[in-house]
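Residues annotated as disulfide bond in Swiss-Prot, with experimental evidence given as evidence: C3-C21, C8-C26, C12-C28. Residues or ranges marked as histidine amide in Swiss-Prot (evidence: experimental evidence): H31. What Swiss-Prot records for 6-9 is region '[R/K]XCQ motif', and it gives a curator's inference as the kind of evidence. Summarising the annotation, Swiss-Prot assigns site 'Interacts with KCa2.2/KCNN2 and KCa2.3/KCNN3' to A1, F2, M7, D24.
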Amino acid sequence: AFCNLRMCQLSCRSLGLLGKCIGDKCECVKH
């Protein structure tokens, strides 16, 4: 598995968060 940054950002944006790839994981962080 690998992190797709664009998909990560989109899914996090719907939560009002910023998407970042950490290794192969998507992390949602506050702006």
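Note: Cβ is positioned from N, Cα and C throughout, glycine not excepted.
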- Item | DSSP three-state assignment for the residue listed as 'histidine amide' | coil
- Task: Go ahead and report the DSSP secondary structure tallies for the region '[R/K]XCQ motif' (6-9): helix first, then strand, then coil.
- Result: 4 helix, 0 strand, 0 coil
- Item | CB contacts for C12 (disulfide bond) [other CB atoms within 10 A, all chains] | 17
- Could you check which of the recorded positions (C8, C21, D24, C26, H31) sits closest to F2 (site 'Interacts with KCa2.2/KCNN2 and KCa2.3/KCNN3'), going Cα to Cα? D24
- Note on the structure: Across all protein chains shown, the one of the recorded positions A1, C8, C21, D24, C26 with the most other Cβ atoms within 10 Å of its Cβ is C8
